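Structure, as structure tokens:
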């Protein structure tokens, strides 16, 4: 069973509170989402494997640690997921980037896939799927399914979001129990329009200043 973790680091919680405020502007929102994403990347990558390596410092030869195992690919769910990419690549600069495009039907609240572009070696990588919101879970599940259809394993997937609703967390964990889920905030519920309460509004609109 994959893990579900609410990242309670004080800086993450402080910055999340700031972007929940409806009065902050696009520039501040975008920059702070990037900062939160960097802090989240540190936590999401916590269990990456290490191996011993022999190096020589200016003083002596020594055995130290370096990353081992699968390299990382960051997969934002378009469009809002793009806002989390730069923060993560600040910490993992060698990560490859893939894209899965989704839009939500405002009447049915169902996601629709319109674009997929992934690295050629996607099946050989540890996947960090990113989207600021985990509401109904529909977009996350469709992204996971798109990756599985292309040969990726659930056990190599980690989903990271800024805010999650209990309904979305349950839906993803029921459907894909081996996928790890990380969120900065677990909120109360979804309203009748499918928005997370209290949430932070529409993350894509607030990131890009458009609707």
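Glycine is no exception: its Cβ is also placed from the backbone N, Cα and C atoms.
A sphere of 10 angstroms centred on the C-beta of residue 133 (5-phospho-alpha-D-ribose 1-diphosphate binding site) encloses 27 other C-beta atoms. In the three-state DSSP classification, residue 133 (5-phospho-alpha-D-ribose 1-diphosphate binding site) falls within a strand. Taken from Swiss-Prot, the feature 5-phospho-alpha-D-ribose 1-diphosphate binding site covers 79, 104, 131, 132, 133, 134, 135, 136, 137, 138, 139, 202.
If you look up Swiss-Prot, you'll see 196, 201, 202, 203 marked as uracil binding site, on the strength of sequence analysis. In the three-state DSSP classification, residue 196 (uracil binding site) falls within a strand.
In the structure as shown, the Cβ atom of residue 131 (5-phospho-alpha-D-ribose 1-diphosphate binding site) sits within 10 Å of 27 other Cβ atoms. Nearest in space to residue 79 (5-phospho-alpha-D-ribose 1-diphosphate binding site), taking C-alpha to C-alpha distance over the binding-site residues 196, 201, 202, is 202.
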